[in-house]
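Here is what TrEMBL says about this protein:
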| type | residues | note |
| --- | --- | --- |
| TRANSMEM | A:21-42 | transmembrane segment |
| TRANSMEM | A:62-89 | transmembrane segment |
| DOMAIN | A:66-265 | domain 'ABC transmembrane type-1' |
| TRANSMEM | A:101-123 | transmembrane segment |
| TRANSMEM | A:143-168 | transmembrane segment |
| TRANSMEM | A:189-211 | transmembrane segment |
| TRANSMEM | A:244-264 | transmembrane segment |
| TRANSMEM | A:295-320 | transmembrane segment |
| DOMAIN | A:345-535 | domain 'ABC transmembrane type-1' |
| TRANSMEM | A:351-371 | transmembrane segment |
| TRANSMEM | A:383-404 | transmembrane segment |
| TRANSMEM | A:416-434 | transmembrane segment |
| TRANSMEM | A:472-494 | transmembrane segment |
| TRANSMEM | A:514-539 | transmembrane segment |
């Protein structure tokens with residue numbers, strides 16, 4: 001079985017000798033991807049001695065960190081999925097006001113720096129918090145698992161929402177009418193028809209949320225206090241004692257469940273099938289729900305929406321406040337922090353631009369090769385392209401730090417390593433966007449171009465490239481946002497010269513400089529959104545010209 | 001180059017995808033200037049063969065020759081075998097003009113000449129004034145003409161067509177069919193046409209190759225394929241056929257006497273050798289059986305068989321009856337229906353022996 005597969009692969013490879021340029025491209029892309037994806041992972045996993053891994057069970061602090069990570073993942077996944085379902089159902093099925101606001105709220109956390117909710121949470125409820133100190137005159141201890149739980153729910157429910165909403169929106173309404181017609185009550189229809197049809201979406205959303213919560217570094221770093229998790233513990237080992245072995249063990253412990261979740265998600269998405277798109281029933285409206293249910297759900301959505309808005313509002317308020325908790329007067333002083341850290345800000349933008357562009361180009365080439373060329377190892381290349389998406393950011397950063405600090409490629413402390421790490425971290429995003437785009441372009445278009453006399457490269461340039469502009473730009477724009485707001489990947493590889501905005505914010509937070517941290521975050525978000533909006537405008541202008 | 005050399009020769013070609021064998025040991029000669037149709041049900045391998053000719057796939061074994069030159073290993077973009085795609089495959093990001101001009105641009109034809117040639121094509125296909133449109137702004141019929149124009153503009157002497165009419169409505173299809181045949185004869189190009197529609201195949205082609213399960217069952221003129229099918233599959237797939245089992249009672253020169261259903265029929269053996277006692281199957285087209293009301297109370301007076309009408313469907317120009325005679329059920333066409341309505345009850349069937357075709361064997365498909 002395997003040997004015949006290998007033989008087939010070899011036959012396909014041998015056919016490539018007719019197209020030497022293509023063969024060279026394939027060889028180059030495969031080598032580069034292997035080198036920057038597999039090598040860092042192998043380096044981390046193989047670094048500790050086997051007995052070091054046993055410490056995971058013997059060292060009680062580490063064991064506790066692993067348990068904490070799993071526990072946090074479990075409860076946050078539940079709450080994220082619940083809130084996501086609430087929003088998805090309300091937006092897709094109910095006739096309620098403020099839907100625009102609710103959609104906006106589900107988008108905000110996706111495009112923000114990862115620790116922003118934790119930071120705002122401190123500003124709202126911390127010892128000097130505006131709610132706790134000014135309104136309630138209370139003092140609660142917000143550091144720990146319950147604080148983190150709330151923060152993770154707000155941060156990651158939008159990821160689950162995107163998946164669940166996609167499924168809910170395409171559910172055929174006429175099935176519910178059929179059930180009503182057969183005599184089912186509203187509650188029975190919900191339980192027997194609607195929920196079972198939603199299940200693929202709920203599972204997919206839960207998996208996405210779980211992956212993100214498990215791998216998250218920024219929020220726990222700021223809010224978890226003594227509640228240690230695997231990513232933060234790995235960082236402590238590295239920054240505190242420079243203990244590479246321990247950091248590797250902890251990161252590997254994080255990698256395994258992350259991989260499992262990731263591939264469960266891939267398989268699950270592949271099977272999600274009973275959503276039938278016939279385009280016939282689109283005009284049917286959902287069967288109305290009783291008004292007390294409708295307004296009850298609306299109230300819940302509004303509450304969450306207001307909370308998210310408060311998170312961002314307080315941040316911008318904090319940016320212009322003299323001393324949080326003591327002196328609420330207006331100041332521009334905090335912006336000076338930002339000005340003083342101009343290099344970091346400049347680095348953030350620069351690295352994000354380079355890495356997102358590189359990721360978009362590489363992602364498109366990979367998607368083209370995997371989908372359109374029979375090269376004998378398409379599945380392997382596909383796997384390589386999506387693998388970084390399964391690797392927690394902390395792990396990837398550690399991998400780059402360990403793999404490229406010596407020959408054959410010593411990049412430690414350079415801008416190159418920052419750009420490369422971000423590029424490969426964003427590769428799956430761009431690759432998936434291009435892949436999805438390619439899937440919508442029928443292969444007969446390329447056949448037609450070949451048939452009219454254009455070779456592989458001309459066909460790619462004349463036919464595919466113009467049609468892939470949309471996916472290319474959207475991948476680029478998401479990769480840019482992710483890069484600007486990334487903390488976990490670069491925490492192990494930045495140096496004094498190559499530090500970026502998110503690192504500065506973390507330092508400001510750890511020093512209790514709330515004003516400066518808020519101001520810096522506000523500026524970073526503004527820049528990221530401006531660039532995002534610009535690419536959206538370009539894409540839209542392009543669309544308009546086309547039609 | 002001899003006149004007898006086929007324009008395209010398919011020589012013992014086999015192609016499989018993984019464990020699925022798409023075509024097996026296919027041989028076919030396509031004469032220069034002919035209109036050849038590859039006909040068969042879906043999944044029979046006809047499109048695979050077309051893609052092999054165009055060079056999108058390479059055969060596992062065997063070879064394809066164009067003008068006597070071996071095509072194996074020559075990439076699609078060097079073959080000069082323009083293809084009209086089933087779903088047209090018009091480039092959505094190019095205008096109609098750019099779509100048609102694309103092939104010429106790749107050949108580095110001077111701009112003025114491109115303009116002239118594309119203009120000619122637009123005029124020929126009745127697309128004047130639509131050059132600046134995007135493909136999606138055109139109707140299905142117009143898109144299809146653009147696809148033809150794009151394939152023909154480079155002036156190659158081969159035209160491949162993969163079910164190009166299947167996305168048109170029924171009336172349009174018949175119209176385009178005639179235009180297409182006229183165009184092919186005027187330009188003198190060698191056309192290879194893939195379809196699963198037997199009417200299209202019969203009306204358009206000089207030659208038809210009937211495919212089933214990756215093999216060619218029969219290749220011949222429409223006449224041969226319809227009236228002298230080589231086997232039961234061809235007889236059944238092209239047109240409708242009644243299969244009547246029988247036995248050879250006597251061989252008299254080129255003629256056979258076949259006994260079936262208690263009657264004897266004198267039929268042409270078609271040059272093939274039969275011997276007495278062979279199990280055979282008679283293939284009779286519905287229009288080769290005439291139907292009339294039972295003449296009198298005594299059925300034995302007339303020739304042929306008596307039967308009972310079970311159902312009928314009125315198709316306008318004719319009526320098709322299902323008639324039960326003993327254990328057999330026949331499809332019978334009445335080509336000149338009476339204005340008074342369909343026949344009912346007992347009828348008498350008569351066969352035109354000159355149009356009966358004999359197959360060896362029991363007629364299992």
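Placement of Cβ uses the backbone N, Cα and C atoms for every residue, glycine included.
Please treat TrEMBL annotations as automatic predictions, because they have not gone through curation.
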Dominant neighbour of the transmembrane segment (A:416-434) in A:101-123, A:189-211, A:295-320, A:351-371, by Cβ pairs under 8 Å: A:351-371
Surrounding residues of the transmembrane segment (A:21-42) on its own chain - C-beta under 8 Å, 6+ positions past either end: 255, 362, 365-366, 369, 373, 375, 377, 381, 384-385, 387-388, 391, 395-396, 399-400, 402-404, 420, 423-424, 427, 456-457
Residues from the same chain, set at least six apart from the ends of the transmembrane segment (A:244-264), whose C-beta lies under 8 A from its own: 41, 44-45, 47-49, 52-53, 55-56, 62, 65-66, 69-70, 73, 207, 210-211, 214-215, 230-231, 233-235, 237-238, 389-392, 394-395, 398, 402
Whether the transmembrane segment (A:189-211) meets the transmembrane segment (A:62-89): three or more C-beta pairs under 8 angstroms: yes
Beyond the flanks of the transmembrane segment (A:101-123) by 6 or more, those residues with Cβ under 8 Å of it: 87, 90-91, 129-130, 142, 147-148, 150-151, 154-159, 161-162, 165, 216-219, 221-223, 301, 304-305, 308-312, 314-315, 318, 324, 481, 484-488, 502, 505-506, 509, 514, 517-518, 521, 524-525, 528-529, 532
